[in-house]
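Noted in TrEMBL for the protein shown:
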- 72: active site, proton acceptor (ACT_SITE)
- 199: heme b binding site (BINDING)
- 200, 250, 258: Ca(2+) 2 binding site (BINDING)
- 41-120: disulfide bond (DISULFID)
- 74-79: disulfide bond (DISULFID)
- 126-325: disulfide bond (DISULFID)
- 206-238: disulfide bond (DISULFID)
- 1-17: signal peptide (SIGNAL)
């Protein structure tokens, strides 16, 4: 049964690969491929999926957490699982940088890694686990994989708080800053808008958008780009100094991976400044309009997150395969 499933998966992924056409900018990194562990650890992807499905069934918000973990990892040193490393007495790691303090799901990655080490010691990288876990956590409600994940990443051995502060896009960023941050990773305006659609699931902390609600221009007002009724709702949830309360990022659809984020955005109900500014650029705004259609969003999201998953990867003999994701070997 299991071998038949894997065979079917290979055939589906091969058919998908044949439709990609000529490789252009943002094409997959050399060394990454579908079913990389087909010979060295044939059940690797099934093991990841089984554990992630089980965990997301118990805790649906985990999907947003694992998706965010993948983003934050890839934006610093590339998708090398440097985000998973613990700080040491000699160096403070990415994990302890302010943008990452609200991340969660590390213990789930540990469970997956332990299972893979039992099945195939020293074979499957933590970087690939993060990429697969992000896909599988979002895919669980659909009962099928929403996008293909090429594997073959290796794990980095450097993790610096300072690099996280520089590279992770901020929810308070303006459009120019966001666009440059994505361009630094070979991602374009379309990728920026499409990957922002990940905000269709999960929550945001009040302190990350409170300045949009109180004294935005120094006159005790709210951000004029925020729908007044929505601003009033948010003020009822968040005080100016609230660092602990969270609110749904996509009101009305916070646990469902869909295109409702763009519907809210067009109604001026984007939670973060980084959401609202997507409407201030002509090209970005056109992508927002197109992404309201769920089918279009799902197809585009798969392509953009695959492109992001190629950023700065280590392959071949680069890096290492960690025995435990929190520590270098």
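Even glycines carry a Cβ here, placed using N, Cα and C.
Bear in mind that the values here come from a model prediction, so they are computed numbers and not experimental data.
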Neighbour-count leader, CB within 10 A, disulfide-bonded residues: 74, 120, 126, 206, 238: 126
Cβ neighbour count (within 10 Å, all chains shown) around residue 250 (Ca(2+) 2 binding site): 30
Environment of 200, 250, 258, the listed Ca(2+) 2 site - residues of the same chain whose CB lies within 8 A of the CB centroid: 197, 199, 201, 253, 254, 256, 257, 259, 260, 261
Same-chain residues at least 6 apart in sequence whose Cβ lies under 8 Å from residue 200 (Ca(2+) 2 binding site): 249, 250, 253, 256, 257, 258, 259, 260, 261
Sparsest-packed of the listed recorded positions (72, 199) - C-beta count within 10 angstroms: 72
For residue 79 (disulfide bond), the number of other Cβ atoms found within 10 Å of its own Cβ: 28
Around the Cβ of residue 41 (disulfide bond), the count of other Cβ atoms that are within 10 Å: 18
Cα-Cα distance linking residue 238 (disulfide bond) and residue 41 (disulfide bond), given in Å to the nearest integer: 48
CB contacts for residue 258 (Ca(2+) 2 binding site) [other CB atoms within 10 A, all chains]: 15
